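Remarks on the structure that follows.
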Amino acid sequence: MYEIKQPFHSGYLQVSEIHQIYWEESGNPDGVPVIFLHGGPGAGASPECRGFFNPDVFRIVIIDQRGCGRSRPYACAEDNTTWDLVADIEKVREMLGIGKWLVFGGSWGSTLSLAYAQTHPERVKGLVLRGIFLCRPSETVWLNEAGGVSRIYPEQWQKFVAPIAENRRNRLIEAYHGLLFHQDEEVCLSAAKAWADWESYLIRFEPEEVDEDAYASLAIARLENHYFVNGGWLQGDRAILNNIGKIRHIPTIIVQGRYDLCTPMQSAWALSKAFPEAELRVVQAGHRAFDPPLVDALVQAVEDILPHLL
């Protein structure tokens, strides 16, 4: 990764009556614009996210999406949909006076990157996508319902289902929704920790015991659940795949961990079949972007796409 430099410009943008989103710029003010779209939904961005981009070459824009990270109010699901986030990205672009930019997103960030590019293809110079997630029911069931990745880590799955009454475990995402939006804050926080611990375990190539902070877990747990319950506000399983025609001309590199248990290879494969113009690069790695094999592959992908952006 590149040196993590401090932002030269940052602030908050009022994007609705309720929400203010945090934004920042780092790197070269006159460089090639790139926006980093974090995962989750609800994960927020960290300073380390700047490290995928050469700060001498890129004007690096990072935002925390509605309800998470440094954005306000925290863990708020009201007025918080995929299309709200797409509109927010455009508002940030317009505020910063950027004509076109490279869009970089992983996991949920790949969903949002594709949704944004298909809505505003004229504003996208290129796409670098990692850990493809298309927000299809089959993907959310794999993650958070019995019979998917639960078969690989049954001992951790037992902890994930523990907050849910046995007679409600046939629809876990729905059952968790009731807990994560419960009026009792302690109920919300306990459920959020169980949800986030499960996901944190899955994203590591070499799993280790995790113990996430309950309050810090609330945004990712509540917002992921909110989006999953609502199908990401996408029209059907193939909503993104059926609109690839809008972005075929955009240079695109897909980086996918072969052993990714959070966003399995199947979705990257489906995207590459629908979008053969994109280059699919499979790495011997899991899901977490900061694991060394994925870091190297992502830095290389950004370097390789750069000539197409100039």
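Just so it is clear, glycine is given a Cβ too, placed from its N, Cα and C backbone atoms.
As recorded in Swiss-Prot, the features of this protein are as follows:
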ACT_SITE  Ser107  active site, nucleophile
ACT_SITE  Asp260  active site
ACT_SITE  His287  active site, proton donor
DOMAIN    33-290  domain 'AB hydrolase-1'
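Features per Swiss-Prot, on structure.
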residue : record                    : DSSP (3 states)
Ser107  : active site, nucleophile  : coil
Asp260  : active site               : coil
His287  : active site, proton donor : coil
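There are 25 other Cβ atoms within 10 Å of the Cβ belonging to the residue listed as 'active site, proton donor'.
The domain 'AB hydrolase-1' (33-290) scores a mean pLDDT of 96 in the predicted structure. Within 10 Å of the C-beta of the residue listed as 'active site' there are 27 other C-beta atoms, taking all protein chains into account.
A distance of 5 Å separates the Cα atom of Asp260 (active site) from that of His287 (active site, proton donor). If you take the C-beta of the residue listed as 'active site, nucleophile' and look for same-chain residues 6 or more apart in sequence within under 8 angstroms, you find Gly39, Gly40, Ala43, Arg130, Gly131, Phe133, Cys262, Thr263, His287, Ala289.
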